[in-house]
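Asks: Have a look at this one before I ask anything.
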């Protein structure tokens, strides 16, 4: 036990009771300056042996009430001031910064309530069962969403513990499809502030708004939307904040991004949806969306001020309208570390599932992988983004870019896209067919007959677009047709898993954007794939953050996709799964992050250069160790 008297950690000098104690930040800085070798364990001012040096990195600090300031203590330590004499143990963990190993205080477990402020028997394990029972007692999906949002706010460790232990159950609630309904009703179910709302009225003073964020120094990743194209639900205005919140919950659950380092942001440019403008509870600006010139000025200011206020931040753009999604990605991707999940993330996750599906399809047909022909039904930002990413499938097989492009066809609301059809949006031109000059082909069955695709991908948000006739036409052409209805939410999916199975006699290779239940067919259990972006963006984000990437390159996105494709276990391959089981999301996230870091290193955009010398095994262990976990 400590002797009576006031004692402090000695960091190169002695402090007396009359001296000002350093703040916690200064303490950590001084501890870090001692490096990896030694630190001074404790010191009694004026006592013999006060300057003894100890190792490793545990610092016992005897103290006497009331001379040790409260801001010196780890924020989550049980309040020590109820003890007259006690010992505080600070556990220091090493970390690397600019090639120098430093020390910082390890996070502490959540404090237990003081005696009398909680029931006599409150066990965390039992409480987790209680919380899960409360969730399952809710009758509607929206009620479950509201309950989990409250739990996350009040007890984030419990929320994420339950989420990690029940990923298959929680994912559809905290993200698609339930988040779609939550966004539509966001202004009605709003409970408490969460995230940042920055409106066009803040133009010219965005920096002052950003400075109001309570954890500026901790921020590492932001999900930014303007609510103009939420899932397949259209322009929801500020109600789109639910997307940013939901995505960041998946970053935390899927890749161990620390909760306090996430920043949900919704930009309010107005809304063109009249029912929200007429809704007395709507929380956004009551005006129609601004024009492009004013929006460009705002976005230039916003992105610059974000880089100043949050110098270590990675930005994910989410659910912008098609034209603006491409515009902002091209305008800013080479200036700041950012990516667009609708364009790049969706493309990466679909590429991964397609790689595994194409192998199974070619195995059944006996044809080479280079023979695949892909038909896209839907040519918005997601459709074109996926098509761009799937070109990698063919170039990886040795084809040229021109040859890869010739194996992809796009269909929009006017039918097959081809040059002779006339004027078209800029983002569609790259895949516009140059080898067809006949009359317009509008009916999807006629297009299938002309193209003879091996794979049909839907990103149209048109429910039942892949009707029985379409599915049967694909089955006639292919022993194992690839059918990916990728539109969200479920009600906008181009077809259901049950329909795809029935009309292909169970031979379909299926992946959807939203979850469908497994089903039994002729005595065999069949499992639908879900091309959910949450397989990709958590690991992609974690890898970019750990590499301190200056930009997100196409090769980093491709690496995330290939890492996901290779993550299937032998058991998962034995039942023809196209994606790994969601319960393994942490392992998958770590593997993807490692591949992303390696790709960043090859592209020369990494600033954490000390990671280059690590072996793959060491790097994977490093990534896993960096993942935050709930402290229960």
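Note: Cβ is positioned from N, Cα and C throughout, glycine not excepted.
Predicted, not measured: the structure shown is a model, and the values here were computed from it.
As annotated in TrEMBL:
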ACT_SITE  175  active site, proton donor
ACT_SITE  247  active site, proton acceptor
BINDING   229, 488, 532  (S)-malate binding site
BINDING   318, 319, 342  divalent metal cation binding site
DOMAIN    152-333  domain 'Malic enzyme N-terminal'
DOMAIN    343-601  domain 'Malic enzyme NAD-binding'
Asks: Long-range same-chain neighbours of residue 229 ((S)-malate binding site), Cβ under 8 Å, sequence gap at least 6?
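Replies: Correct list: 235, 319, 320, 321, 322, 325, 381.
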Asks: Among 229, 488, 532, listed as contacts of (S)-malate, what is the widest Cα spread in Å, to the nearest whole number?
Replies: 18
Asks: Given the recorded divalent metal cation site (318, 319, 342), which additional residues of the same chain have their Cβ within 8 Å of the Cβ centre, ordered by sequence?
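Replies: Other same-chain residues with Cβ inside the cutoff are 225, 229, 230, 243, 317, 320, 325, 340, 341.
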Asks: Return the count of C-beta atoms lying within 10 angstroms of the C-beta of residue 532 ((S)-malate binding site), excluding that atom itself.
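Replies: Excluding its own Cβ, residue 532 ((S)-malate binding site) sees 27 Cβ atoms within 10 Å.
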Asks: Tell me the Cα distance separating residue 318 (divalent metal cation binding site) from residue 532 ((S)-malate binding site), rounded to the nearest angstrom.
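Replies: The separation of the Cα atoms works out to 14 Å.
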Asks: Does anything in the same chain, at least 6 positions from residue 342 (divalent metal cation binding site), have a Cβ under 8 Å from its Cβ, and if so what?
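Replies: In sequence order, the residues whose Cβ lies under 8 Å from that of residue 342 (divalent metal cation binding site) (at least 6 apart) are 317, 318, 319, 320, 325, 381, 382, 385.
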Asks: How big is the gap, in Å, between the Cα of residue 488 ((S)-malate binding site) and that of residue 175 (active site, proton donor), rounded to a whole number?
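Replies: Cα-Cα distance, residue 488 ((S)-malate binding site) to residue 175 (active site, proton donor): 11 Å.
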Asks: When you measure from the Cβ of residue 319 (divalent metal cation binding site), how many other Cβ atoms are you left with inside 10 Å?
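Replies: Its Cβ has 26 other Cβ atoms within 10 Å.
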